[in-house]
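These notes are about the structure you will find just below.
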Amino acid sequence: MRPLIVIGNWKMNGNLASNQDWVKTVARGMESGMPAGRKFAVCPSFPYLSQCSTLIKEHSLAFLSLGAQDVSAHGAGAYTGEVGASMLKEMGCEYVIVGHSERRQMHQEADESVAAKALQALDSGMTPVICVGETADERNSGRAEEIVCSQVAKQVSVLQDRLADCLIAYEPVWAIGTGKVASAQVAQDMHRAIRMQLAEFDEDVASHVGILYGGSVKPDNAVELFAMPDIDGGLVGGASLNPQDFLAICQA
């Protein structure tokens, strides 16, 4: 059985004081225990990884793992401004987001680069969260499944059986930061299409890979989304900045 996983992506938000308050609030909320068979992680900006790692340890947050929002496609060397996977692992990261739509759009990241980053994460013992998704124009033209499955197929071609150690996050680009959200059924249909694409490579891999939904997940839609058979949790953006909202989603 696949565990339900909720990962908070803070994006370029937070500061030393607010990060401390967030972890304290989440620690209090998790004191009474969390639903069995679930995993949770938070991905702050690079400068705050060390702080958040320390806070998680200080509060004995066994339920909460640390993740990063990106990683270099290179191991080490003359890559100014890049952060290597081994560095993130040393900071205590267990997850790393790769191929987020904002990175694809703003930094022209291609599927090949995303796969290279996923390999770096895997080689350092972290779980890559590989993001895929379609734009509004692609959905409106009836090409949503074609686009997303093509993105998945390109990851399969590089990662092969190592996909079993990855997560996939479906993030409809038109729903990110807009307040719009795919209905639970629309999201389920795409998650099912992704799983079927994986099954063309290996049915065992397809049945074991967690597929998260990542488009404006909030406390008021998380229950319905997470009830769908092929939705294995959420990659949560804006709502994860509010610790009470994050807790509510984790408990949905």
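Numbers run from 1 along the shown chain.
Note that Cβ sites are derived from N, Cα and C of the backbone, with glycine treated the same way.
According to Swiss-Prot, the protein carries these features:
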- ASN9, TRP10, LYS11, GLY177, SER216, GLY237, GLY238: substrate binding site (BINDING)
- HIS100: active site, electrophile (ACT_SITE)
- GLU171: active site, proton acceptor (ACT_SITE)
Query - Inter-residue C-alpha distance, ASN9 (substrate binding site) and the residue listed as 'active site, electrophile' (nearest angstrom) - result: 10
Requested in this report: For GLU171 (active site, proton acceptor) and GLY238 (substrate binding site), determine the Cα separation and express it in whole Å.
Outcome: 13
Query raised in the report: Which of the binding-site residues TRP10, LYS11, SER216, GLY238 has its Cα nearest to the Cα of HIS100 (active site, electrophile)?
Result: LYS11
Query raised in the report: Should GLY238 (substrate binding site) be counted as helix, strand, or coil on the basis of DSSP?
Result: helix
**Report entry** Neighbouring C-beta atoms (10 Å sphere around the C-beta of ASN9 (substrate binding site))
**Finding:** 26
Report task. Select one residue from GLY237, GLY238: among these binding-site residues, choose the one with the most other Cβ atoms within 10 Å of its Cβ. Result -> GLY237
Report summary line: Out of LYS11, GLU171, the listed recorded positions, fewest other Cβ atoms within 10 Å surround the Cβ of LYS11
Report summary line: For HIS100 (active site, electrophile), the number of neighbouring Cβ atoms whose distance to its own Cβ is within 10 Å equals 27
